Amino acid sequence: MSKTSLHATTIYAVRHNGEAAMAGDGQVTLGEQVIMKQTARKVRRLYEGKVLAGFAGSVADAFTLFEKFETKLQQFSGNLERAAVELAQEWRGDKQLRQLEAMLIVMDKDAILVVSGTGEVIAPDDDLIAIGSGGNYALSAGRALKRHASQLSAKEMAYESLKVASDICVFTNDNIIVETL
């Protein structure tokens, strides 16, 4: 992580009982010591509101990737998997794009995918995933909630998982935004 670049962290996504939700915290950090913003919006609706996308990593890089991913969604008529694979191939194959420091979670009602700059497109086995500095905390909390509090909605699971991450990770705050499909 560059000491002068702006970074944003912790995105969590879950599909549960026919619902889909994605949550992101609001913290943007300059290097490793300064909080630059506490109310960033890192989860976006794309493709006429049918797709959610969230990022962890460099803010400027993530916006570039959002634009490219939305272009791919348009090109492939909203086909999430095809758009994600095409973005990953372009990202991996382009010398300038390979320099981007961000990861994406993208989801629609039917699938959740993580897209990385090394060309991976990964679908989680258990319909939940998290990325960013607090990702492991959010993922652990989410798995526990899914197993032992299945009466919760996807939105509640997403919020509570990120809340746990914000209690532990110094790069994740509790200004949580949740989007649902």
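Placement of Cβ uses the backbone N, Cα and C atoms for every residue, glycine included.
The annotation active site is assigned in Swiss-Prot to THR9 on the grounds of sequence analysis. Here THR9 (active site) comes close to ASP25, GLN27, THR29, ALA56, GLY132, SER133, GLY134, GLY135, CYS169, PHE171, THR172: these same-chain residues lie at least six apart in sequence, with C-beta atoms under 8 angstroms from its C-beta.
Cβ neighbours within 10 Å of CYS169 (Na(+) binding site), excluding its own Cβ and spanning all shown chains: 21. Under the three-state DSSP scheme, CYS169 (Na(+) binding site) falls in the coil class. Annotation comment: Swiss-Prot describes SER166, CYS169, THR172 as Na(+) binding site.
Fewest Cβ neighbours within 10 Å among the binding-site residues SER166, THR172: that distinction goes to SER166. Sequence-ordered, the extra residues of this chain that approach the Na(+) site, with Cβ no more than 8 Å from the Cβ center of SER166, CYS169, THR172, are THR9, THR10, ASP25, GLN27, SER133, GLY134, TYR137, ALA138, LEU162, ALA165, ASP167, ILE168, VAL170, PHE171, ASN173, ASP174.
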